[in-house]
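Taking it in order: structure first as structure tokens, then the write-up.
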Amino acid sequence: MIPAETYLLLSAAIFCIGLFGILTRRNALIFLMSVELMLNAANINLVAFSLQHGNLTGQVFSLFTMALAAAEVAIGIGIILVLYRNFTDVDVTKATTMRW
Amino acid sequence: MAAFTYAPAIVLLPFVSFLVALFAGDRMPKGGALAGITATGGSLLLSIWVALTVAGGSVHNEILYQWTTSVESLQLNFGLLLDPLSALMLLIVCLISFLVHIFSLGYMNDEGETGLPRYYAGLGLFTASMLGFVVANNLLMAFMFFELVGLCSYLLIGFWFREDGPPSAAKKAFLVTRFGDYFFLIGVVGIFATFGTGLFAPITEGGEVVAESFPMLAEHAIVDGEVEGIAMLETVGMGPQAWFTVLGLLVLGGVIGKSAQFPLHTWLPDAMEGPTPVSALIHAATMVAAGVYLVARMYGFYAISPTALAVIALVGGFTALFAATMGLVKQEIKQVLAYSTISQYGYMMLALGSGGYIAAVFHLTTHAVFKALLFLGAGSVIIAMHHNENMWDMGGLKDRMPVTYWTFLAGSLALAGIVPFAGFWSKDEVLYEALIHGFGTEGGLGTAYLAAYAMGLLAVFFTGFYTFRMVYLTFHGDARSDTARDPEPVHWNVKGPLTVLGILATTIGFINMAPVAKLTGAHIDFLHKWLTGPEEGGWPALLSTDLHHYEELLHEVPHVDPAYPLGGEIGTLLASAAVSLGLALAGVLVARSLYGGADPVEHTDKLGGLKTLLMHNYYQDEYQVWLATGVTHPLARAMDKFDQGVVDGVVNGVSSVSLFGGSRIRRIQSGVVSNYATLLTLGLVLLLAAFGIMGGWF
């Protein structure tokens with residue numbers, strides 16, 4: 001059986017990839033994808049611990065997370081659409097009007 | 001008692017006349033004067049009824065309106081206290097006000113003054129406020145009406161507001177008396193905080209005390225040592241005696257301001273800028289009398305404090321002498337009268353301070369009559385002289401206006417204290433009380449009494465002198481100007497009040513001829529009986545504002561006792577009367593020899609530098625202006641600097657730091673989402689690192 005640490009390492013790697021995407025990319029769609037990556041990293045974590053502890057709580061939780069991720073994407077895409085309408089671009093560094 | 005049911009109308013009638021004169025005066029004949037005459041006449045009749053009822057042995061102390069309902073410990077009321085003192089004062093105020101209203105017909109209406117509704121409205125409100133003050137049964141109500149009196153004096157002194165002098169004099173009167181009233185206000189608050197009540201006399205129902213008065217609470221605290229229920233003593237950390245003295249002196253601040261005692265007397269001579277009938281009203285019955293009346297009203301509170309008594313006596317004695325000397329050199333007839341007023345109120349304070357409660361009330365009564373008479377007489381002269389008040393332009397008016405002359409002479413003899421005119425009896429009693437209590441009281445208080453007595457005695461001579469200097473300059477000798485040779489005639493409305501007051505000034509001293517009563521053994525000291533109350537009436541036990549109670553208090557607490565140094569009671573009495581009468585006569589004779597000739601000259605020039613000093617009123621005005629501009633103003637500026645610099649500086653500094661910090665820190669809100677994400681990540685990493693180090697993960 002593959003030990004839990006492997007899953008955790010995989011999860012950490014995917015999370016860091018997502019984080020890296022958010023910190024470096026400008027395209028809002030890539031942002032969304034990166035956020036999905038981070039959410040899934042969390043899901044892997046949950047499932048791995050579920051396996052480790054031998055109960056189903058973590059798996060149930062990851063199902064909820066997926067539903068949440070779907071909702072988040074729907075709203076995120078909506079925001080990106082509005083962003084495009086207002087700035088004719090999906091570059092997040094261009095939309096800087098909401099500040100002091 | 002039916003009279004007591006209608007007693008509030010005594011106050012309300014002049015108030016209604018104020019409203020009528022104010023809103024309908026210009027559509028009425030005589031500019032609203034008739035409303036005022038009717039109202040004060042009605043009040044006078046009601047006052048007589050009340051006085052007769054009180055003479056029958058019943059008194060009245062009732063709360064009419066309570067304007068705090070829920071608070072148990074503190075009750076703020078409007079109420080009515082009718083005892084011999086307030087009944088007597090009601091009579092005086094109503095009578096003088098009634099006569100002043102009639103006199104005003106001659107002084108204002110016949111002289112073609114404009115703004116008459118305003119004038120009569122002022123007189124009405126003035127009378128109503130004073131009457132409200134007189135019947136007040138608690139200190140707060142008294143204070144409110146006290147302030148109203150001050151407001152009315154402002155309105156009336158500044159009646160001729162288009163000229164330069166009157167508005168300034170009005171402001172001065174308002175501000176100077178208000179300065180004293182600050183202390184009074186603090187005293188009122190202090191008394192309420194200490195005793196939880198401002199009642200002058202206990203309220204009883206069927207012989208049971210339902211609400212105790214503050215003089216009685218203070219008396220219990222000092223005589224019986226019952227300090228329970230008296231707050232503030234622990235807060236201020238003083239014994240009851242010391243703290244009650246402080247409270248008494250604070251209230252006395254208002255008295256000194258209103259009764260024009262040194263050092264707050266400076267407003268009164270300037271108040272002569274107002275119309276002469278107003279001066280008569282202010283000086284005889286209303287404003288200036290209010291201060292002395294207040295001390296008499298709460299005499300039970302002062303009688304337990306030797307220090308307060310000594311201060312009252314010394315201030316009174318000093319003011320009597322001080323003001324009399326300034327009256328010696330004045331050239332305007334009303335100025336002389338103004339300083340005589342200050343001086344005479346000094347006598348009343350002297351009497352109150354030295355345990356002569358009855359003498360003070362007696363002098364208050366006689367002075368009200370003869371000073372109103374003198375002012376109205378001066379008003380008559382001023383009408384005749386076409387508003388020239390300089391006595392050096394008068395002379396020889398004796399033959400041309402006999403009614404004014406003879407009544408004015410009666411008033412002058414009363415003021416100078418010549419037997420048998422009113423002033424003799426009362427002034428003699430004031431000095432006699434000060435003398436016997438000065439000898440009989442031990443320690444510093446007795447010494448203070450003797451010092452005050454000496455000053456009062458010396459002032460008798462000056463009073464005789466300046467009074468008859470005024471009479472001789474005005475009425476005797478040759479006429480010194482064309483108007484004096486052909487003065488304008490005055491009408492019935494001037495002569496009528498003068499005659500009434502002239503008769504009263506001659507006879508009112510007979511209400512309390514204490515020396516004669518003592519000599520003959522006849523019971524003719526009516527005022528004494530009046531203030532003691534009928535023996536079977538039982539009201540003294542109810543209100544404890546009677547003479548016996550005060551005399552017992554004076555004997556028990558400050559140990560003010562009489563002693564007769566010169567051949568027993570009769571001998572001392574005669575000696576005292578002879579000395580004061582002799583001094584008064586000496587003053588009159590000196591005035592006669594200096595100014596009695598056909599063509600008198602100004603002898604005061606011989607005084608040299610002293611005359612300049614007296615003419616400038618001892619530079620009291622300059623001194624007070626210097627206090628304001630030289631001391632208070634720089635102090636206020638320094639305070640302002642402190643406020644603007646330090647207090648505001650700290651506040652402004654705090655806000656500047658926040659503003660500056662905010663303007664820098666807000667730059668991290670760049671609007672770029674990636675930056676936020678970076679900061680979030682950094683924060684998370686830092687947090688993890690911190691937890692790691694603290695939690696020992698590494």
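Just so it is clear, glycine is given a Cβ too, placed from its N, Cα and C backbone atoms.
Taken verbatim from TrEMBL:
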type     : residues  : note
TRANSMEM : B:6-25    : transmembrane segment
TRANSMEM : B:32-52   : transmembrane segment
DOMAIN   : B:67-120  : domain 'NADH-Ubiquinone oxidoreductase (complex I) chain 5 N-terminal'
TRANSMEM : B:119-136 : transmembrane segment
DOMAIN   : B:136-435 : domain 'NADH:quinone oxidoreductase/Mrp antiporter transmembrane'
TRANSMEM : B:142-161 : transmembrane segment
TRANSMEM : B:182-203 : transmembrane segment
TRANSMEM : B:241-257 : transmembrane segment
TRANSMEM : B:278-296 : transmembrane segment
TRANSMEM : B:302-324 : transmembrane segment
TRANSMEM : B:368-385 : transmembrane segment
TRANSMEM : B:446-468 : transmembrane segment
TRANSMEM : B:498-517 : transmembrane segment
TRANSMEM : B:570-591 : transmembrane segment
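Non-local neighbours of the transmembrane segment (B:182-203) in the same chain are 61-63, 73-75, 79, 81, 83, 136-143, 146, 209-218, 229-233, 243, 246-255, 257, 297-298, 542-545; each lies 6+ residues outside the stretch with a CB under 8 Å from one of its CB atoms. When each of B:32-52, B:119-136, B:142-161, B:446-468 is checked for Cβ pairs under 8 Å to the transmembrane segment (B:570-591), B:446-468 comes out on top. Averaged across the domain 'NADH-Ubiquinone oxidoreductase (complex I) chain 5 N-terminal' (B:67-120), pLDDT in this predicted model comes to 83. Listed stretches B:6-25, B:119-136, B:278-296, B:368-385 were compared with the transmembrane segment (B:32-52); the greatest number of C-beta pairs under 8 angstroms is found for B:6-25. Comparing B:6-25, B:119-136, B:241-257, B:278-296, B:498-517 for CB pairs under 8 angstroms to the transmembrane segment (B:142-161), the maximum falls on B:119-136. In terms of C-beta pairs under 8 Å, the stretch of B:6-25, B:241-257, B:498-517 lying closest in packing to the transmembrane segment (B:278-296) is B:241-257.
If you look at the transmembrane segment (B:119-136), the same-chain residues 6 or more away from its ends with a CB under 8 A from one of its CBs are 7, 10-22, 25, 31-33, 35-36, 39-40, 43, 79-82, 86, 89-90, 93-94, 97, 100-101, 104, 108, 113, 142, 145-146, 148-149, 151-153, 155-156, 159, 200, 275, 277-278, 281, 285-287, 289-290, 293.
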